[in-house]
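Participant: Structure in C-alpha cells, see below.
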Amino acid sequence: MGSTEDLDYPQIILQYNNGFLVSKVMFTACELGVFDLLLESGDPLSLDVIAARLGTSTTGMERLLDACVGLKLLSVELTQKGALYRNTEISNIYLTKSSPKSQYHIMMYYSNTVYLCWHYLTDAVREGRNQYERAFGVSSKDPFGAMYRSEEEMLKFLAGQNSIWGICGKDVLTAFDLSSFTWIYDLGGGGGALARECVSLYPNCTVTIYDLPKVVQVAKDRFIPPEEQRIAFHEGDFFKDSIPEADLYILSKILHDWDDDKCGQLLAKVHQACRPGGGVLLVESLLKEDRSGPVETQLYSMNMLVQTEGKERTPAEYSKLLVAAGFREVQVKRTGKLYDAVLGRK
C-alpha cells in the first residue's frame, strides 16, 4: 500500500464532490431526450437544431452538450458550419429509451425519487430510518406504500427494476444451474423482467410472479405479453398471505429491504412452503465479509437507509438467515457484476 504522499487528496475530494454534478448532467440529458433525438436522427446535429427540437434555450443546451462530451456520453465534430454532436456507443446502448439494455427508467427513478430522499441523508443517519416523510410527506412506516404512492411512481420503479435485470438477469440466473427446478415462484417479481429471463434460460420451467395486486395488474398490462404462457401471476402480500408450494423461490433484491427479523419471518414461510429438495435463490449485492467494499454495495446500503427498513449484507449474514430458517447446503456465487447469488436447499 502506498504512502499518504502518493494520494492526491484535493483531486480525490474534487472527484467525490463532482459525483452529484456528473449524475445530474446525465439524468438531465436523458430526461430532455438528447440521446433519443441523436439516435433517431441518424446524423450528427448542431446545437441550434438540438435546442429547437427539444424546446430548450441554446445557452443551457450548449453547456449540457459540452458537459456530455467531457463525460464521453457524446462526441463532437468541429466543421465549417459549427459543432456537430452525436452519441457515443455507451449512450446508444444504455441511455436511449429504445435500447434493450436501456437504463433510462432507473435513471429517471433515481433523479426524481431517490435523490430527493438522499437530500435528507444526514437526518437518516441521525434517526436510523427512511426519509419518505420528509421527502414526500407520506408515512415512512410502509416503505412500499411510499414507493407506490401513485401509479406513476410505481411505473417508474417497476420499469427501473426491469432495466436492471435487462443487464444483470442472465448473470444471476446462471450463477447456479437451475434446470432441475421446474416450478418457480418469483416473490416480489414486480415488472417481470427476471421471470422473462428465467423462462428464456430454462425452457422447461414455469415462473409465477407473486406480488401485490396493483403490481400484478401493472405487470400484466404493461410488461408481460399475454402470449407468454410460462409466466403466471399470484396476487398477495407474502408477509401476510400464504405462500404456495414450489420447487424454487427467487427473492431478488427483496431481503435487503427489511431488517433481520422480517427477513427471518419471510424465509421461514418460504422454507415451510418449499418442496423437499427444493430451494431458495437470493439475488443481492453482497458486501465483502470485512465490509470494506465493494463501494457500490456500500452506497446501496446507504440507499436502503434512506428508502427502506433494510440494508446490504455479507454472504455470512445471508447464510445465517437461511440456516436459521431451516435451509442447508448454502452456496454463494459472486458474479463479478452488480448483483450476486446465494442458493439454499431444503
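Placement of Cβ uses the backbone N, Cα and C atoms for every residue, glycine included.
From a predicted model like this one, the values you see are computed outputs, not experimental measurements.
Copying in the features that TrEMBL gives for the protein in this structure:
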ACT_SITE  His256  active site, proton acceptor
DOMAIN    15-96  domain 'O-methyltransferase dimerisation'
DOMAIN    118-328  domain 'O-methyltransferase C-terminal'
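How about a rundown of where these features are and what they're close to?
Facilitator: Remark: His256 (active site, proton acceptor) has Glu284, Ser285, Tyr300, Ser301, Met304, Thr308, Gly310, Lys311, Glu312, Arg313 as non-local neighbours, by Cβ distance under 8 Å and separation of at least 6 in sequence.
Across the domain 'O-methyltransferase dimerisation' (15-96), the prediction's mean pLDDT works out to 96.
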